[in-house]
């Protein structure tokens, strides 16, 4: 009888392990936190940048270096469209050095870069950007379709948003997308949503940030990505995710309301000034800047502060969230 009970208990724990652990296939990483007096984590976010220094990319990179030095940043996040116009042709494409290694040269930017893919990256050889060969060329480079990064009091959930966008499949125009390891699309999306939801629910971090390329709430030129509104936004809301960070629209933007997920766009890494703004509730639209720039985040256990900068390093917008009174 006792053996039967013990065996049943073991089976129960094994079942729980396989249900909650093995079904998530997202790669998990840990970034060690520096020992700072306030125990904080600092990083920069840049998107839509890779133009071999053109369209003010080099100027933005310089200001990133200046701010990165002041904040003593831990790492940099890239929200996609890393190489224009059509990603990389292969691991030996000179665009990697011309748009990345030779541009972000400031000492403060010699930190780990964590990157996701944008739609322009999918127009090239996706496997090249995911390859360890690039890491051998420049140790800072790390790019995956989707993954989880833990650093101190923050868990980051990087999500590949490109396959969600139906028109890339039904109306590709004259573009060719590299959908290797993505098809069948519906299964890929279903698995990703399952894994994201599972990983976010498992997280015990103080702060939970989701990072993707496409916007969920945006007044930018591209407008909202309805597929993400329908499929990803409910997961963010159910799990009380603090921030959704994206690029795609070539602007700097903050949309948010009291007590809910804040939506931060940092897509001003190079070409910008689209001159088109979608109508949006002014109570939610805290910042819309149709130009080049980037953002910084400084995180402690009690506060998440974020600042937007233009191409000259001028501060455009400051805001913060507090854990002591939920969201501000």
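Placed from the backbone N, Cα and C atoms, the Cβ positions cover glycine too.
Annotation for residue 222 (active site, proton donor): same-chain Cβ neighbours under 8 Å, separated by at least 6 residues, are 214, 215, 248, 249. Taken from Swiss-Prot, the feature active site, proton donor covers 222, and the record attributes it to similarity to another entry.
Look at Swiss-Prot and you will find 48, 81, 84, 250 tagged as Fe cation binding site, backed by similarity to another entry. The Cβ of residue 250 (Fe cation binding site) has 25 other Cβ atoms within 10 Å, all protein chains considered.
What Swiss-Prot records for 81, 119, 213, 248 is Zn(2+) binding site. Look at residue 119 (Zn(2+) binding site): DSSP puts it in coil. Taking Cβ-Cβ distances under 8 Å and a sequence separation of 6 or more, the neighbours of residue 119 (Zn(2+) binding site) in its chain are 80, 81, 162, 165, 168, 177, 213, 214, 248.
According to DSSP, residue 250 (Fe cation binding site) sits in a coil region rather than a helix or strand. The substrate binding site feature in Swiss-Prot is assigned to 248, 249, 250.
According to Swiss-Prot, the N-linked glycosylation site annotation covers 56. Counting every protein chain shown, 23 other Cβ atoms lie within 10 Å of the Cβ of residue 56 (N-linked glycosylation site).
According to Swiss-Prot, the signal peptide annotation covers 1-24.
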Integer Å distance between the CA atoms belonging to residue 56 (N-linked glycosylation site) and residue 250 (Fe cation binding site): 13
Local backbone state of residue 56 (N-linked glycosylation site), from DSSP in three classes: coil
Cβ neighbour count within 10 Å of residue 213 (Zn(2+) binding site): 30
Spatial separation of residue 56 (N-linked glycosylation site) from residue 84 (Fe cation binding site) - C-alpha basis, Å: 14
Non-site residues, in chain order, whose CB comes within 8 A of the mean position of the CB atoms of 248, 249, 250 at substrate: 47, 48, 215, 218, 220, 221, 222, 247, 251, 265, 267, 274
Between residue 48 (Fe cation binding site) and residue 56 (N-linked glycosylation site), the C-alpha gap once rounded to whole angstrom: 12
